[in-house]
Amino acid sequence: MILLLIIIFGILLIIVKYILPTFIRYLQLKKDYQNISFLPFSSIPFVGNLHLIDHRPYIFFQLMCRLSHECQIKEKGIFCLWYSLSPVLYICSANGLETFINNSKQLIKSFDYIFLQPWLKTGLVTSNNDKWRTRRRLITPSFHNTELLHGYMHIFNEQSFILADRFNKYSEQSYKTHDLYPCISACTLDIIAEAATGTHLKAQLDGEHNDFVQATVRIGDIINKRLRSPWLWPSCIFNRLPIGREHTKLLNILHSFSRKIIEERLVTFNAKQMINNDDDDDKKCTHRLVFLDCLLTQMQEKKLSFDDIHEEVDTFMFAGHDTTAAAINFFCYLMGCYPDIQSKVHTEMDMIFENDRNRPCTIEDIEQMTYLDCVIKECMRILPPVPFISREAQTDFIYRNQIVRKGTTVSIFIYGIHHDESVFPNPKTFDPERFLDNSFNQNQHSHYAFIPFSAGSRNCIGQRFAGLEERVVLSTLFRQFIFRSTQTIDQLHLSMDVILRPHVPIQMFIERRSL
Ligand code: HEM
């Protein structure tokens, strides 16, 4: 009898403490978001729109694009999807975005970033609140240090030439198509590894035999799969499955490799300090500085610990690798779709480099790349490497007359914002000139209408680095090659992983340009 009473009491407690408040909040949010829930008829009580989330990620992406377009036509700028009892709001218009993206109280990342934490712990991408603020303040100067950034030009050039050599082999088989992504991704991995840590990873030369390279590529696939599969979210289930065990094995490879790199650099760093403290100028060390040296200096000043540095190094490897690879791959693909524009890029490169296809690219060259600059921007508008970012609302706020409640996940749908026809007329038309004339800049919302690197204080810290890297790699490739694509964008079956990914690999013909 007593046991029965305890059980009844327990059940009542759970109902009163958890189920009832959740249900009341659900009803409240249902009411608050009814005007922006565009799929009310397909929303099943307690299931929401979950059943619409097709296991094929590109079908979900198509749904997102359709809803975003519908929402822009209705001039709402925001729509809601229900994941069971939880709503996720998607902002797909630049108008009003500044109230959220630039608000210092709204910088907290949403729940899904938690799946990056086993790898990145709480580095810049995944940390929040004071930890993020302090870190960002400490790390920003290194990414704004022009001398340091320009010092990376030799890395960008060296790796671009290796990439061009590999493409050269493909061009010898110009009768068939190639998936260039693995080569491009190995190149950007080599670049970030050397710039961040001073390590010569040799992913381009020896990638198949390098456990770290393989692990970096594979863990990305696993994280994306987990994000798309709610049944893999609870760690107690995930860790017991083969995919979870593989994840743990990869983490060990990644963490022990980056730990070793930092330890080795620390030894050289300390030795260098000793020499530099020495009065003898002849002995002073001249080896090139990398981001890791800046972090080690902070460690010496007791502002960062070894573990802090470890998570930031892993973060740079993650954030600086796939993003730039996607941008470069999409650029080559889009040039293959638009031969007239590609030919203008070739002309600009020939003019700047005076037909010299083998000399390294300099900062002065980059300053002259006005047309390439517009094409890069138009590529990132049409195919933004990071298609969305998410935060959790920390306070109630109003977005264009729509109340957004504290605790709601708010996704900024960058892809949708870049395809808003009120800002970019004929958004599917590839037109780099949009970024040349003033029409786009004159638009009152232009500041937040083109945000491939996000915006506000939590924007991409690596934006300048990525900009230089892309220009060196692309100017090297487009001095030497012609690309031809055979697939339309629709045929790529785009899907929203952490980065925008073609579900069907991009296949391109590649030819050497005649002299
Ligand atoms: C074309 C290349 C790149 C694109 C499109 C890109 C885009 C972005 C975007 C959209 C964000 C915001 C993410 C969010 O709010 O969740 C971001 C953040 C970040 N990016 Fe990039 N990124 C690129 C290259 C790089 C590179 C090369 C590095 C490092 C060297 C880097 C390091 C970071 C870091 C550390 C953050 C987190 C910043 C913070 O929260 O304070 N990114 N990036």
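Every residue, even glycine, has its Cβ placed from backbone N, Cα and C.
Look at TrEMBL and you will find 6-27 tagged as transmembrane segment. For the transmembrane segment (6-27), the residues of the chain that approach it from at least six positions outside its boundaries are 85, judged by C-beta separation under 8 angstroms.
The heme binding site annotation in TrEMBL covers Cys460. For the recorded site, Cys460 (heme binding site), the DSSP three-state label reads coil.
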Ask   = Within 10 Å of the Cβ of Cys460 (heme binding site), how many other Cβ atoms can be counted across all chains shown?
value = 20
